Each structure stands twice: as structure tokens, then as C-alpha cells.
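Annotated in TrEMBL:
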| type | residues | note |
| --- | --- | --- |
| TRANSMEM | 7-32 | transmembrane segment |
| TRANSMEM | 38-56 | transmembrane segment |
| TRANSMEM | 119-142 | transmembrane segment |
| TRANSMEM | 218-237 | transmembrane segment |
| TRANSMEM | 243-267 | transmembrane segment |
| TRANSMEM | 274-294 | transmembrane segment |
| TRANSMEM | 306-323 | transmembrane segment |
């Protein structure tokens with residue numbers, strides 16, 4: 001749904017943006033028009049989510065760790081009641097216990113192990129991988145690129161140009177005073193929806209096969225394919241081929257989920273939440289720093305922008321190769337579970 005959301009936003013804009021109304025609000029000193037209405041519509045789901053979250057239960061484990069066992073038990077009974085459509089009293093639970101590794105620890109006890117052997121290697125690698133995941137910065141330019149491409153498709157002029165040549169038109173062409181304000185190309189917005197649907201479908205498809213090959217191996221293959229596609233974008237003087245390679249390049253954003261899954265697999269339970277937060281922070285810093293740099297490069301030297309960012313993303317495949325093969329770890333866990341099950345059955349027979 002996350003990857004599909006940008007396409008959904010594009011579809012929502014189709015009926016709202018062309019609306020011609022404009023009302024002056026003297027109290028605010030602004031004109032209320034279609035694009036302000038669109039922003040209001042985009043904000044509504046967040047407000048609804050806030051109300052929804054207000055009625056959700058707190059994590060029973062969190063409440064129990066804070067010393068409120070009775071409240072934690074009530075939460076568990078409520079969740080059980082909603083899940084099974086039965087009265088809460090039917091779930092007979094009297095007390096709770098914590099596993100040894102899940103006992104509350106101080107912040108220091110959670111942070112220090114991440115920067116000591118043997119976890120230091122994984123902390124550095126996963127943070128670096130998230131930092132080099134710079135494809136999100138190109139999402140800012142996606143509507144502009146798609147709009148310029150649809151103009152080429154509709155007019156048939158400029159099909160022998162590379163993607164950077166298409167982008168340069170959007171930067172250099174002066175504003176046409178005859179074009180209606182907030183005009184939009186419906187076909188380009190539908191193409192944005194198609195791209196979001198493609199990434200969503202591909203994400204589902206990958207989830208069906210990832211357990212066979214492992215997240216690390218899948219991430220390596222994905223970054224190689226997408227990184228090479230980003231380099232190929234401007235090596236082919238054909239608008240259609242350039243956009244195809246660009247769409248493949250943009251699907252590289254799917255590795256974010258693979259990196260989170262790798263982090264969960266590599267770190268022990270009591271350090272997992274902080275490890276995910278730390279590595280995700282690296283990704284956020286990389287995205288915030290890369291957007292203004294990419295904007296400048298695409299305006300001044302577009303080809304250098306694609307070659308640089310694609311090469312950086314491609315290099316993450318080499319870094320990921322230093323991680324253990326999680327498919328082997330999963331296989332060992334399954335073998336251990338199978339062995340324990342056999343031992344348990346043997347004990348029961350004895």
C-alpha cells in the first residue's frame with residue numbers, strides 16, 4: 001500500500017485540480033482554490049488515522065513491562081475478544097511472565113551492544129546500506145518526468161531523446177501564460193498510478209519467493225539490476241527505452257523492506273527495535289541530504305546525477321555481500337525446529 005499510495009494520490013488529483021473555483025479568504029489573506037482543496041483531501045486520512053489510533057489498545061507487553069499486570073491482562077482479553085468475537089471473560093488468563101532476554105534494560109544496555117563485537121559489523125553495514133538507498137530522491141521528479149514523457153507520446157516529437165534531454169525541457173522551458181493554472185495531464189497521472197501498481201505487485205511477488213533465496217541474496221540481485229538500469233537510462237537515445245529503464249530503476253525502493261527484514265534477522269530480540277530505528281535513521285538522513293543535491297545535478301548536469309546516484313546504489317550490492325546468508329540461517333532454524341519436534345515426540349513415546 002505504501003508504494004501504491006503515490007499512484008492513488010495522482011488519481012485523487014484528477015477530478016479536483018481542474019475545478020475552476022477560487023474564493024478569497026480575507027482572514028487568512030489567501031485564495032481558496034483547487035490545489036488547496038487537494039491538500040486538505042490528502043490530509044484527511046491522517047486525521048482519521050489519529051482518531052482510529054485513539055481507540056486502539058496499547059501493546060500489552062509494554063504495559064506489563066511498566067509494572068501494570070492487571071491492565072496488560074485486560075488488554076490481552078480485549079484483543080482476544082475482538083479477534084474471536086467472544087466475551088473477554090472466556091479467555092482465562094491469570095498472570096504473565098517475561099522471558100529472560102525480554103526483561104527491561106536501560107538505554108545504555110540497548111545501545112552499547114550495537115557498537116561492540118559481534119554486532120558492530122552488522123550495525124555499520126545495515127546503516128550504510130540504508131544510507132546509500134538514494135532512489136527515493138528521484139520520486140520528487142517522477143511527476144515532471146512522466147508529464148514530459150506523455151507529451152512526447154501524444155505529439156510523437158522527441159522519441160529519439162534520452163531521459164535527461166526530456167528533463168532539461170521541463171527545466172528550461174518558460175511558463176506558458178496561455179496554459180490554465182493548475183492544468184494537468186490525466187494520462188501522466190494514470191501512468192504514475194500504473195508505476196505505483198507495478199511496484200506494489202512486484203513487492204507481493206518478491207514476498208512469495210524471498211524465503212527460497214533469502215533477503216540478502218534478493219537485495220544484492222535487486223540493487224545490481226536497478227543500479228545498472230539507472231546507468232542505462234541515458235546511454236540509449238530513445239525516450240521509450242529510457243523511461244522503461246527509469247521505471248526499473250525506481251523499483252529499487254523495494255530494497256528498503258528487505259533491509260528492515262535483514263536487520264530483524266541479524267539482531268537479537270531485545271536489541272531489534274533500536275537497531276531498526278538506528279538503520280532507518282541512516283536512510284532518512286541519506287534521503288534528506290540527497291534531494292537538494294540531486295535537484296541541483298539534474299538542473300546543471302543531469303547525466304552526472306543519474307550516473308552518480310545509480311553507481312552509489314549499485315555499490316550497496318558489494319557491501320551487502322559481507323552480510324551472512326540469511327537463507328542459510330532460516331534453513332538452520334527450520335532444521336532445529338524439526339529436530340526439537342522429533343525429540344519432543346520421542347520423549348512423549350518414552
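Quick reminder: no glycine exception, Cβ is built from N, Cα and C everywhere.
Whatever TrEMBL says is automated annotation, not expert-curated.
What you are looking at is a predicted structure, and each value in this text was computed from that prediction instead of being measured.
Outside the transmembrane segment (38-56) by six or more residues, the chain places 9, 12-13, 16-17 with a CB less than 8 A from a CB of the stretch. The transmembrane segment (243-267) makes contact with the transmembrane segment (119-142), as judged by at least three Cβ pairs under 8 Å among residues 6 or more apart in sequence. For the transmembrane segment (218-237), the partner stretch with the highest count of Cβ pairs under 8 angstroms, out of 7-32, 274-294, 306-323, is 306-323. Recorded stretches compared: 7-32, 119-142, 274-294; the one with the most Cβ pairs under 8 Å to the transmembrane segment (306-323) is 119-142.
For the transmembrane segment (7-32), same-chain residues at least 6 beyond its ends with a Cβ under 8 Å from one of its own Cβ atoms are 38, 41-42, 143, 182-184, 186, 189-190, 192-197.
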